[in-house]
Structures are given as structure tokens and as C-alpha cells.
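Asks: So that we are looking at the same thing, I have put the structure below in C-alpha cells.
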Amino acid sequence: MTEVKSPEVPAPPAAVPDELTPGHARWHGLRPYLPLVALVVAAILPYSTVNLPGIFEGPLNSPGTLQLLAICLVFGGLAAGYDLLFGRTGMLSFGHALYFAAGVYGTDILVTRAGLPLWQAALLTLVGGTILAALLGAVALRTVGIAFAMVTLAFAQVGAILVARNFGGLTGGEEGLPLDVSGLPSVLVGVGNTVNLYWLALAYLALVVFVVHRVSSSPTGRVLAGLRDDERRIGVLGLDPYRFKLVAFTLAGGLATAGGVVYCLIVGGASPHITSSELTLSLLVMVVLGGPGTRWGPVLGGILYMYLDHRLTAFGSSEAVNNLPAVLSHPLSQPLFVLGTVFILAVYFFPGGLASLRTRLHPLVT
């Protein structure tokens, strides 16, 4: 019997991996330069006269808009520094606002009360805030988990009480302490020099991102990631988890103190609300919103959160909201309600934060 051979069906062409496609290769070739491009764009932004109604109250180069952007940049850097603890090392600290407040109040007190030049006040404040973080971290890191979080919260509450009680007559109590600008460099004083404060905030953000990235990509950063995933394994390898966590805690505290110095110059003084644990909770929300453990997620989360926090206050008191039915106008007039809703939706639809947005949208655009 003659054997009947079935016709040969040619195999389908092998799929080319995305990594080998020309477009993907070009994209990966450009990625290292994107941070530099973003930095240049942000640096020349004050020269733009573009007006964005509903987004900003004035043109991009107006003092009010530049001050808002400067505050957003500071908190973007602050969130990136906090992510060094939470996202990259796995430490949940409820006292990070203490070191930020140390930067704000330290600079203000040394300039206004002691009459020191700004550079001396900033240097002493930075050193003092870093030492404070090292000392308190040395105590708090003797505990782990929830106990560690509660100890850091207790330290922050002590700081808030000292500020509110006007300890030593230095902090101004509940009224805060306006910054004496008479001894400051002229380039940092006046509405016309708001652009210089914006550039200072941008430099702070760039410094924090650079430091966090360098630490995370170093051998120390790999140990910190190991502590986050399995601390016992690090101990088995013969490394001291306590020492590495203390380094991360101290560095994050120092970066927060530096942010406080810049923030003090931007807002022109210190107020007790920056010592509250609510600020640390806001930092936690910023990091989770942006994406913990990522390079740009906490930065985006910090900038977006502070922008919404400032703009929603004006939105809540606007005529458009007041004319709505009471069932809508009352909740929409509360910025925290709107922020909470945005946070819940973001966490629900993007569990990895804003940093996971590109990954989730990739199947839809390919």
C-alpha cells in the first residue's frame, strides 16, 4: 500500500523579541539621557510665559507658580529620600518629619535668633540634623516591625511638643517663626528672585535622586534590598543588618534635613504643622502613590501630591463647587477627601504606583 504523505506546512516565523526590534533598541539607547533632558527642561521652565488656566493661577514664570513648583520639587526629593527607608530597605518610619522639621527650624533659629550667615546656619543645621538622625536611629533600630514604627512616632511627637511649647523661646510656638531675611543673600530675597529659589529646589531634588540612585546601585544598596526581602539571610551571610539599616536611616535623615533648609527659604519661615506625624503619613502616601522602590515613582508621587494639596484648596472654595448640591459641594470642598479618593483609586487600579503605569499600558499600545 502506498504511503500518503501529508503536505508540509511551513512553520510560522519566529517572533522577534522586543529587545531586538530597532525601535526598542533606539528607546533603550535614549533612556540614559532622559533624566538629563528632564533636568534641562525643568531648569528652563521659568523662562516660559505659557499660561495654563485651571492648572496654575498664572503663567509658568509668575512668582506664585514658581513657588508652588519649588515646594512640589522639595517634596519630590523628600519622598525620594523617604523611599530609601520604606521602599528600598523595608523600614516603616513614622518620624521622618522630625528631620525635615529640624532642617526648617534649625535654619530659621540660627539665622533669625543667632544672626548667623545663611551658609553657616545651613551647614550647622545639616550636620545637626544628620547627627540627630544617627542618634535616634541607633535607639529605634534596636526594635523591628511595628515596635520600630512606634518608637519613631514617639520621637516625632516629642519634637512636635517641643516646637508647640516654644521650647527655650526659640520656635515661636503655635505662631511659628518668620525668617529674618535681612541677613540673607539678595539673590534669595524678594518676589523677583523666586526663580532662584525654584532652581535651588530643583538642585535639591537632583541631588537626592542622584544620591539615592548611587546608593541603591552600590553593594550597600544590594544589602539594603536584601534586608527588605529577608533580613535573616543577610545575617547568615555574616553581615550586620543593624549597621546597614543605621546607614540608610542616617542618610535619609540627612537628606530630609537638607530639604528642610531649602523649604525654609522658599516659604520664608517655620510653622509647627511640619512637625506633625501627618506629614510623615503624607510622605508614605506619596511613595505608595508613585511606586515604592522605584527610581522616579516617589518623585512623581511627591510632586503630584503636593500639587493637588495646594490646588484642591483653591478648587474647594471656588464658585463652581459652591454652586453644586450640598451632597457634592461639602465633600469636594475638603481637599483631604479628594486626595483620599484619588489615592484609593490609584492604589486600586495601579497597585505598583504611578511607576507601574507604563508596564500596565504596554499591552494596550503594542
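Here the Cβ of each residue, glycine as well, is placed from N, Cα and C on the backbone.
Any TrEMBL annotation is an automated prediction that lacks curation.
For reference, TrEMBL lists these features for the protein:
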type     : residues : note
TRANSMEM : 33-56    : transmembrane segment
TRANSMEM : 68-85    : transmembrane segment
TRANSMEM : 97-116   : transmembrane segment
TRANSMEM : 122-141  : transmembrane segment
TRANSMEM : 148-167  : transmembrane segment
TRANSMEM : 187-212  : transmembrane segment
TRANSMEM : 246-271  : transmembrane segment
TRANSMEM : 283-308  : transmembrane segment
TRANSMEM : 336-357  : transmembrane segment
Asks: Before we move on, state whether the transmembrane segment (97-116) and the transmembrane segment (187-212) share at least 3 Cβ pairs under 8 Å, counting only pairs 6 or more apart in sequence.
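Replies: No, the transmembrane segment (97-116) and the transmembrane segment (187-212) are not in contact.
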Asks: Compare 68-85, 148-167, 187-212, 246-271, 336-357 by their Cβ pairs under 8 Å to the transmembrane segment (283-308) and return the stretch that comes out on top.
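Replies: So the stretch in question is 68-85.
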Asks: Counting Cβ pairs under 8 Å to the transmembrane segment (33-56), which of 122-141, 148-167, 187-212, 336-357 comes out on top?
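Replies: Counting Cβ pairs under 8 Å, the winner is 187-212.
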Asks: Most CB pairs under 8 Å with the transmembrane segment (246-271): which of 122-141, 187-212, 336-357?
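Replies: When the Cβ pairs under 8 Å are tallied, 122-141 comes out ahead.
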Asks: Using a Cβ cut-off of under 8 Å, list the residues of the same chain at least 6 residues beyond the transmembrane segment (122-141) that approach it.
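Replies: Contacts with the transmembrane segment (122-141): 93, 95, 98-99, 102-103, 106-107, 110, 116, 148, 151-152, 155, 242, 245-246, 249-250, 252-254, 256-258, 260-261.
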